[in-house]
Structure formats: structure tokens, C-alpha cells
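Just below is one structure, and these are the notes that go with it.
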Amino acid sequence: MNAPSSAAGHVSSHWRQYVALTKPRVVQLIVFCAAIGMLLAVPGAPGLADLGKALWATLGIWLVASAAAAFNCLIEQQIDSRMKRTAWRPTARGELSRTQALIFSAVLCSAGMAVLHEAVNPLTAWLTLGTFVGYAVIYTVVLKPLTPQNIVIGGISGAMPPLLGWAAMTGEVGPEGLILCLIIFLWTPPHFWALALYRAEDYARAGLPMLPVTHGNEFTRLQILLYTFVLLAGTLLPFVQGMSGWLYLAAAFVLGLRFIHYAWRLWRNYSEALARQTFRFSIWHLSLLFAALLVDHYTQDLLTL
């Protein structure tokens, strides 16, 4: 009786290790932003055909994003093993080999590309593949270990999800999708630098040139503050472009000013606890901002009926 139970437990444990490779929380935010792009691209309530395409697009983007996360774990196996934040990952602990991680990533990426190319459209498939290469190869292999501007330059690939969603529904790269992409691009540096502030020793131990390691704590805090002002300006573009109404504009101001408030406090009087709070708020900022944009989108449609 014990042998089947032991085998089942082993399979379950192995499955959890593969799931952990995909960085579920990170991929969840990626898929959320892509879904927002899909819904905003459709005027009014989406029909059955739109929902079907959106579901296929969500599946494909989720698979490729998971593949990129797994490939990142493969490349950073040694780095992850030296950092407290990432030492638990299956590749860092030696629970999964590089070969297993590579095969897993390749299968996920191939499946995702097939779904996007055949069930959505070729443009979305190729843009998603470009995003995979941008994150898994250009950012992870080239930028991250070489320059403190890794987050800024590499942020282009991380900013792509809403543009992928927009392309999935429209078959083109429109200015609206690019604006959504720009917002995430501007949001990325203050988000990650807040994390890097209280993980600076971790990054230094791993030999990664994150901004707090190369330029110091105070300089990084100033950059976070400056970026929050630029980000606030960027979040106004949907209103300027006519993508949104006053409801979104109000939300963008409230959320942006709150982010600036966190950054200001962080710059004036640093503490690790405040850096953690700023990092956590940045996630809420992006999530609530895009949710407000979606609510505004449907509110405007109701008002025009």
C-alpha cells in the first residue's frame, strides 16, 4: 500500500518543482496585463468570437511566458544558489537538472508558439517569441550581469504583454497598444529598484551589477523618485490619446501621487521596511491602474448606448 502512495507523492513533488520554474506570480501579472490589452482592443462587450480568440491568446502567452521564466532559472542556476531570495528554486537546489529545465522550457515555448500562430495570428506569435528572446536571452544573459541599466533596457521585453494582447485581438500594433507598453516600461525601474534596495547584499553576493550595488543606496532612491514623476506623466497618455475618460484620469492621478509619496519618503528617510512597502505598492499601482482603465473603457461604452 505504501509503494503507490510514495510514487504518487514523488510525482506530485516533481510536478510542483516544474510549476515553481515558471514563476507563477510573475507570470500571473504578465497574463493579467496581456488580458487588459485584449479587452481594451475590443470596442464594447466582447462577443463569443472575441472571447474565444482571447482565451487562445491568453493560453499561448501564458505558455511562452512560463517558458521564459523556466529558461531564466536555467541560465541563472548558479546565481540563484547564491541569493537568499532565489536559493529555493528547483534548479538552484539541484532538484531539476539543466537538461530537464531546458526541455521543459522548449516544450512550453513550442506549444505556446503553435497556439498563437494557429489560433490567434502570426503577428502575435512573432511578437511573443521576440519577447521571449528579449527576456530570456538579451536581458538574462547579456544585460543583467553586465550593466546597472539592465532593468531599464531589459524592461522593453517586460513591457510587452499589453501590446501582445492588443495585437492578438486587432492583428496590428496600434498607438494604443504602444501606450500601454510605455506605461509598463516606465513603471519597471522604480518597481525593481525598490526590490534591489533591500536585496542589495543578495545581488552583490551574486555578482550582479544592480543599481544599489554599483551606484549606492542614495543614488538609487533618487532615481526611483524621478521615475515616479515620469511614470505619472506617462499614465496620463491614455486620456490624452482618447483611450479613456475622467474616471481613469482620476485613478491615474491618485495612484501616481501615492507612488510618488512612497518614493519621496524612501528618498528622505530610507528603511528596509519602507523599501519593501514601496515595492509591494508598485505591484498594486500597476494592477489597479490597468483595472481602472478597463472599468473606464466599459463605462464609456455604457454611456454611449
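A Cβ is built for glycine as well, from the same backbone N, Cα and C atoms used for every other residue.
Per Swiss-Prot, transmembrane segment is recorded for 29-49, 55-75, 101-121, 123-143, 151-171, 177-197, 219-241, 246-268, 283-303.
Among the listed stretches 29-49, 151-171, 177-197, the one sharing the most Cβ pairs under 8 Å with the transmembrane segment (283-303) is 29-49. With a cut-off of 8 Å on Cβ pairs spaced 6 or more residues apart, the transmembrane segment (55-75) and the transmembrane segment (151-171) reach 3 or more such pairs and are scored as touching. Counting Cβ pairs under 8 Å that are 6 or more residues apart, the transmembrane segment (29-49) and the transmembrane segment (177-197) reach 3 or more and are in contact.
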